[in-house]
Each structure stands twice: as C-alpha cells, then as structure tokens.
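Written out below as structure tokens is the structure these notes cover.
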Amino acid sequence: MAKWNYALIVFLGGCCYGILSTFVKLAYAAGFSAAEVTGAQYLFGTAITWILVLFTKKYKVTRMQAIKLLLSGIPFGMTGIFYYQSLQTINASLAIILLFQFVWIGTLFEMVIYKKKPTKEKVISIIILLFGSVLAGGISLEGGMDISWQGAGWGLLSAFTFATFIFLSGSVGKNTAPLLKSGLLSLGGLFVVFLVFPPVYLMDFSTLIGVAPYGLLLGVFGAVLPPLLYSIGMPQIGPGLGTILTASELPVAVSMSALVLREQVGMLQWIGVALILGGIAFSNVRLSKAKIASY
C-alpha cells in the first residue's frame, strides 16, 4: 500500500474524533452525565472491537506485547476523561482549541524521543493549523474572555494525553495485527475510565438503555475506528506527520455543529476550517514529491 493511503487512513481517524463533540452535546442535553457518557463510549466501543477480534482470524501476541498495548491504552482513556471534564467549565470552542495543541506536542515528542527535527514544511503546517484552529473555534481575537483555569488545565491535559496516545499508536506493537492492537488499546482505555468513573450506572437498567444509543455512536467513532485506523496508518507515516493529519477532527467538528446542531458558523470559522485543511495538505508536500514504493 502506498504511503499516501496510510496518510488518508490516519486523516479519516481524525475525522472520526471530530464527530464526537456533536453527540456528546446531544447526550448532555438528554440529561446524561460526563461519567455516563464517557463510560458508555468506552464500554460499547471495546465490546464491538472484541466481538470483531473474536470472529476474525486468530492472531498471536506475546504477554509482554499485550501488557505494553494495554498500558498504551491508558492515555487513550484519559483523553476522554480530561476532555469531557474541560467541557464542564469552559465552552466547547475553547476546549477544542486546547485539545488541538496535540498537534505541536506530537512533533515535540518526535524531536525529544527520536531526535528527529521537524521539516520546514511541518513547522509551517503547524503554524497554519494553530492559527486556523483559533478561527475555526470561533474565538474572537479582540478583547478578553473569562477563562476557568481549572477547565483550561483539563483541556491542556487532554491535548498531552491525546498526543501521547497517537505517539504510542505508531511506536508500540508495530508488528501486532491492527484489529487486535486496537482491541488491547481500547481495553486499556476502558480500564482507566472505569477506575476514574466507577460504572454504577450499569446497575440502573433505565439509564443504561437511555445512554446506549449515544454510547454506540460514540463507541464506534471514538473507541473502535480511531485506534484501528491509527494502528494501521501510524506505524507507516510516523507520529509527527500523524498528529498533523489528525487535525482533521476540528473541521469535522465545526461542520457537524452546523449541520446537526444547527449552530451558527461564521465566515471566519469557515476560513479557519479552510486553513486547517490547507495546513494538512501542505504537510504532505514531501509525500507528493517522492515516489513511495508500495508496502
């Protein structure tokens, strides 16, 4: 498979994350708590992934590989916890911009751990992406705004854990079958979510039935597809470029807000969306210049 195809796979993984905020808002509007929404997402997502694992070709994994992948799932679960906590005290636009900081954090990881300096194209792309995120998030560049520092802290933590998860997706278990790898990552995420948010709502049948539709949607787009797509694409393109491609989540989030929630999206926000997509395209200039052999 050509490297462009792997880049597209990671791009689609980011798009999946962009869908989440819309359904989380709908779940909150229906009266469900952050604990119930987060728990349902990881519970249903992990269950679906393991059903797929059990009904597909049997893959072998060593005990040490399984432990490493389970531990790598911890930042996956923590991202959902931190991000949904930030939404409790700051508006969604600011929360998603704070989460968006994973773009440069992932590149920093690559510099520190792999001693790999970012290319000129990558640096320019990050600058374009960050500027575009401010516009797309609908944050005014004029005047001040009241910020909950606690909420901002949760948002920045979600950016750090998300960047960590993306980095580990491309670094750990490279030779493990993508579906099995995704299952172990999701299981690790489920463990930490249930540790932080004990699933007491599972004892309430009416709550479980009510949150199930949201849990299924969030599970598919938040706990099944992203780990699977990242497990396929990240080892081939690297975490640095991978974090930039994952920036596709913000344009999707803005578009979903306009189409599903009927929120008003201004011209500056659409310009921000265009800048983000342009930044992602610019980051792939090197891929278009080189002839990449198929794997």
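Cβ atoms are placed via backbone N, Cα and C, with glycine included.
TrEMBL entries are annotated by machine, without manual review.
Residues or ranges marked as domain 'EamA' by TrEMBL: 7-136 (among others).
Per TrEMBL, domain 'EamA' is recorded for 151-284 (among others). Broken down with DSSP, the domain 'EamA' (151-284) shows 115 helix, 0 strand, 19 coil.
Residues or ranges marked as transmembrane segment in TrEMBL: 39-55 (among others).
Counting residues 6+ beyond its ends, the transmembrane segment (67-84) has Cβ neighbours under 8 Å at 24, 34, 37-38, 41-42, 61, 95, 99, 154-155, 157-158, 161-162, 164-165, 168-169, 172-173, 176, 181, 184-193, 196-197, 222, 227 in the same chain. The transmembrane segment annotation in TrEMBL covers 67-84 (among others).
Taken from TrEMBL, the feature transmembrane segment covers 90-111 (among others). Listed by sequence, the residues of this chain that lie at least six past the ends of the transmembrane segment (90-111) yet keep a Cβ under 8 A from its Cβ atoms are 21, 25, 83, 117-118, 122, 126, 129-130, 133-134, 137-139, 145, 147-148, 151-152, 155-156, 158-160, 162-164, 166-167, 238-240, 242-244, 246-247, 250, 253.
If you look up TrEMBL, you'll see 123-141 (among others) marked as transmembrane segment.
Sequence annotations record features per position, and here TrEMBL assigns transmembrane segment to 153-172 (among others).
Cβ atoms under 8 Å from those of the transmembrane segment (184-202) belong to residues 34-36, 38-39, 42-43, 45-46, 49-50, 61, 66, 69-74, 76-78, 80-81, 165, 169, 173, 176, 208, 211, 223-224, 227, 231 of the same chain, restricted to positions at least 6 beyond its ends. What TrEMBL lists as transmembrane segment is 184-202 (among others).
Nonlocal intrachain contacts for the transmembrane segment (208-229), taken as residues 6+ away from its ends with a CB within less than 8 angstroms of a stretch CB, comprise 9-10, 12-14, 16-17, 19-20, 23-24, 26-27, 30, 32, 36-37, 39-49, 76, 80, 169, 178-179, 181-182, 185-186, 189, 201-202. The transmembrane segment annotation in TrEMBL covers 208-229 (among others).
Residues annotated as transmembrane segment in TrEMBL: 241-261 (among others).
Residues 4, 7, 11, 121-122, 124-129, 131-138, 241, 244-245, 247-248, 250-251, 254-255 of the same chain sit 6 or more residues outside the transmembrane segment (267-285) yet have a Cβ under 8 Å from a Cβ within it. According to TrEMBL, the transmembrane segment annotation covers 267-285 (among others).
Counting residues 6+ beyond its ends, the transmembrane segment (241-261) has Cβ neighbours under 8 Å at 7, 10-22, 25-26, 96, 100, 102-103, 105-107, 122, 125-126, 129, 132-133, 136-137, 163, 166-167, 169-170, 230, 233-234, 269-270, 272-273, 276-277, 279-280, 283-284 in the same chain. With a cut-off of 8 Å between Cβ atoms, the residues of this chain six or more beyond the transmembrane segment (39-55) that come close are 32, 77, 80, 179-180, 182-183, 186-187, 189-190, 193-194, 197, 199, 201, 211-212, 214-216, 218-220, 222-224, 227-228.
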